[in-house]
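Peer 1: So Swiss-Prot has the following annotated:
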type	residues	note
ACT_SITE	LYS63	active site, proton donor
BINDING	ASP11, LYS34, 61-70, THR117, ARG179, GLN188, 208-209	substrate binding site
Amino acid sequence: MRENRPVIALDFPTLEDVKAFLAKFPADEKLYVKIGMELYYAAGPEIVRYVKELGHSVFLDLKLHDIPNTVKSAMRVLSNLGVDMTNVHAAGGVEMMKAAREGLGEGPILIAVTQLTSTSEEQMRDFQNIQTTLQESVVHYAQKTAEAGLNGVVCSAHEVAKIKEATNQDFVCLTPGIRPAGAAVGDQKRVMTPDDAHQIGSDYIVVGRPITQAEDPVAAYHDIKAQWNDQ
């Protein structure tokens, strides 16, 4: 189920910024983009409709986490927007994840967040009071996500091999925190290069600032895409 296009994180504050960014790409180049909280809360459902009308694929990254019925209802709305992928927090529990799957339907890819890539093992133990290793926590969440009938998880590339071993090889692993070699890591604690993620078995990678803030975003995108596809 591997996606050969890097997913571009559209971390912009307005729809106009998104329009300006996407206009840099040829009209016939269909991208896979991530719309996160900032952009969705600023622009609303219109941002999803706009991007879909251009023919791009959309990962709507809202990380829903609420009681099962509320999440089910919200997912029904997102399904009507035509998103290609969306997510929930695995910490919401198996029943919540099952409700999310029911609300979204079987078409779009539904994944769960395990531990955020900004979370260190020390932070997890101190704040969340989870007294295992970070990897054990992530694998546990992944197993529960599979049990709930979801397609996969958001995880660091460091955990991909263990997750697929604990679930199955078709279980989707989407990896954020991807940086080209030599790029600044920002606020991500656990990062890898596109080639590293390819070699370790990630199915999707998410790349933001190295593309969106590049002097030439189109060239940066194609360079990262080549690294991701080991070309």
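Backbone N, Cα and C atoms are what each Cβ position is placed from, and that goes for glycine too.
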Peer 1: Reduced to three states, what secondary structure does DSSP give HIS65 (substrate binding site)?
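Peer 2: The three-state answer is coil.
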Peer 1: Please report the Cα separation of the residue listed as 'active site, proton donor' and ASP11 (substrate binding site) in Å, rounded to an integer.
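Peer 2: ASP11 (substrate binding site) has its Cα 15 Å from the Cα of the residue listed as 'active site, proton donor'.
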Peer 1: Relative to the Cβ of LEU62 (substrate binding site), which residues of the same chain, six or more apart in sequence, are found under 8 Å away?
Peer 2: GLY36, MET37, TYR40, LEU78, THR86, ASN87
Peer 1: Sequence gap of 6 or more, Cβ distance under 8 Å: name the residues on the same chain that satisfy this around HIS65 (substrate binding site), in order along the sequence.
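Peer 2: Once residues fewer than 6 apart are set aside, HIS65 (substrate binding site) is near VAL71, VAL88, HIS89, ALA91, GLY92, MET96.
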